[in-house]
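Visitor: Relevant sequence annotations retrieved from Swiss-Prot are reproduced here:
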SIGNAL    1-21  signal peptide
CARBOHYD  Asn143  N-linked glycosylation site
CARBOHYD  Asn163  N-linked glycosylation site
CARBOHYD  Asn181  N-linked glycosylation site
ACT_SITE  Glu198  active site, proton donor
CARBOHYD  Asn300  N-linked glycosylation site
ACT_SITE  Glu316  active site, nucleophile
CARBOHYD  Asn421  N-linked glycosylation site
Amino acid sequence: MGFNVVVFLSCLLLLPPVTFGSNMERTTLVIDGSRRIAETDENFICATLDWWPPEKCNYDQCPWGYASLINLNLASPLLAKAIQAFRTLRIRIGGSLQDQVIYDVGDLKTPCTQFKKTDDGLFGFSEGCLYMKRWDEVNHFFNATGAIVTFGLNALHGRNKLNGTAWGGDWDHTNTQDFMNYTVSKGYAIDSWEFGNELSGSGIWASVSVELYGKDLIVLKNVIKNVYKNSRTKPLVVAPGGFFEEQWYSELLRLSGPGVLDVLTHHIYNLGPGNDPKLVNKILDPNYLSGISELFANVNQTIQEHGPWAAAWVGEAGGAFNSGGRQVSETFINSFWYLDQLGISSKHNTKVYCRQALVGGFYGLLEKETFVPNPDYYSALLWHRLMGKGILGVQTTASEYLRAYVHCSKRRAGITILLINLSKHTTFTVAVSNGVKVVLQAESMKRKSFLETIKSKVSWVGNKASDGYLNREEYHLSPKDGDLRSKIMLLNGKPLVPTATGDIPKLEPVRHGVKSPVYINPLSISFIVLPTFDAPACS
């Protein structure tokens, strides 16, 4: 008996420390497990690979290096392991320069050369080339790492510039068709083909009218049917990969019609420019973060009213545009924005969310030279492993600084709760209720023996559990040394860094008595897994 008490007391050292001197606020989450309010794709988490060459610069900084599809070091063991850790990570190949990429296959009318800086090119660059030798290398890498590939096609090929940003003329699909034929002949698996990048509406540097775009999607669909006529499965058609304008998007669905466009994609950079001095303030402002909800609701409504056959994806989202915010996007603080937006978007039936970028800029999930994961990488990996497809409704008595999102757990019973504490001074003690009874209590309500009390508070690391009390898993995320701009994230107090053998570290929870309270420290993030929560919608 005495020995057991000593063991329990020793294990108390594993508990995430409650921040002393902070305010304490008790709150209850009321979770409706009877129905799903929305649903994501099985592979909701996605990351992009861009085309930017090393000469891409913003604000006198050039943060891309060798991070493009054309020059990325595919021989890096850590890069491969970072993707393999997801088992099935969707990778969207695309970006600003995709509508200037020529595929070096078939009968080309002009030489296929690499991107060069030029004053008269879109985004300050000439056309670029994807050589088939490189395409072979990329596909061997994707096959070895289990990646699910979405490829962004050049939608300006054959067109001519009219005036301003407008481009006209028919899309020349021959280069795309030759490229697809080569891809199929090699047996390379492409899950989906995306048409164009940021050409919708008024565009960024270039735009195509919705009338032309709708017509071209029908052409693309027929090209895919022809190229894949002997294939058991056919890739999805994805478009337009632009910034949402309700009228333009609605018209695109109407003009292309049922059975053509499978996925409607839009881009988000709601934090503004990467050099905004108020970037951190925006990330920590719950009202600012919530402002994006209307956009997701409008996209969802547009699909329901004008194209219920299509799914909504976020095709590209980096938080801050122009390569992200230096010493912000690659640090712990960015996970407040990133995870919160994953939560908001999923509540509005967003099926896939592609983060800009896997590598490159300041917003890369991986450091561009070493491929060492940045904090958002681990946030994405935890979401991918823990958060299932089904989203449940949740109400809370807490202030707006405590963000709560609830999903069915992934490939297991019960639910997973994502809690984000944006408060600088308040520790939240969280109880959970299914609307009928309190499942987790914010404080102990009945007298227990000393040993029972210790057992309900203690936390275990790994799979160890002494009895039925110990069946709640917690993943508490915080920055190293309390520095929100640290590039090192702590999981339950332990630094998340590659192992001595160059592997992605294990993401192990602490386990608590299911009836003990959940503590969420100021400026921290937690995933809470409740395998015994009764949620019929998750069956």
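Cβ from N, Cα, C; glycine included.
Small disclaimer: the values here were computed from a predicted structure and weren't measured.
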Visitor: Helix, strand or coil for Asn181 (N-linked glycosylation site)? Use DSSP.
Guide: helix
Visitor: Can you tell me the three-state DSSP label for Glu198 (active site, proton donor)?
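Guide: Reduced to three states, the DSSP call for Glu198 (active site, proton donor) is coil.
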Visitor: Going by DSSP, is Asn163 (N-linked glycosylation site) part of a helix, a strand, or coil?
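Guide: In three-state terms, Asn163 (N-linked glycosylation site) counts as coil.
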Visitor: Which of these recorded positions is closest to Glu198 (active site, proton donor) if you go by CA atoms: Asn143, Asn300, Glu316, Asn421?
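Guide: Comparing Cα positions, the closest of these recorded positions turns out to be Glu316.
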Visitor: Among the glycosylation sites Asn143, Asn163, Asn181, Asn300, Asn421, which residue has the fewest other Cβ atoms within 10 Å of its own Cβ?
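Guide: Each of the glycosylation sites Asn143, Asn163, Asn181, Asn300, Asn421 was scored by Cβ atoms within 10 Å; lowest is Asn163.
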Visitor: Using a Cβ-Cβ cut-off under 8 angstroms and a sequence gap of six or more, which residues of the chain neighbour the residue listed as 'active site, nucleophile'?
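Guide: Spatial neighbours, sequence-distant, of the residue listed as 'active site, nucleophile': Thr48, Arg92, Gly94, Gly95, Gly241, Thr265, His267, Ile268, Cys354, Gln356.
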Visitor: Using C-alpha positions only, work out which of the glycosylation sites Asn163, Asn181, Asn300 is nearest to Asn143 (N-linked glycosylation site).
Guide: Asn181
Visitor: Measuring Cα to Cα, how many angstrom lie between Asn163 (N-linked glycosylation site) and Asn300 (N-linked glycosylation site)?
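Guide: So the alpha carbons of Asn163 (N-linked glycosylation site) and Asn300 (N-linked glycosylation site) sit roughly 33 Å from each other.
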Visitor: Measuring Cα to Cα, how many Å separate Asn421 (N-linked glycosylation site) from Asn300 (N-linked glycosylation site)?
Guide: 27
Visitor: If I take the alpha carbons of Asn181 (N-linked glycosylation site) and Asn300 (N-linked glycosylation site), what is the distance between them in whole Å?
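Guide: On Cα coordinates alone, these residues lie 34 Å apart.
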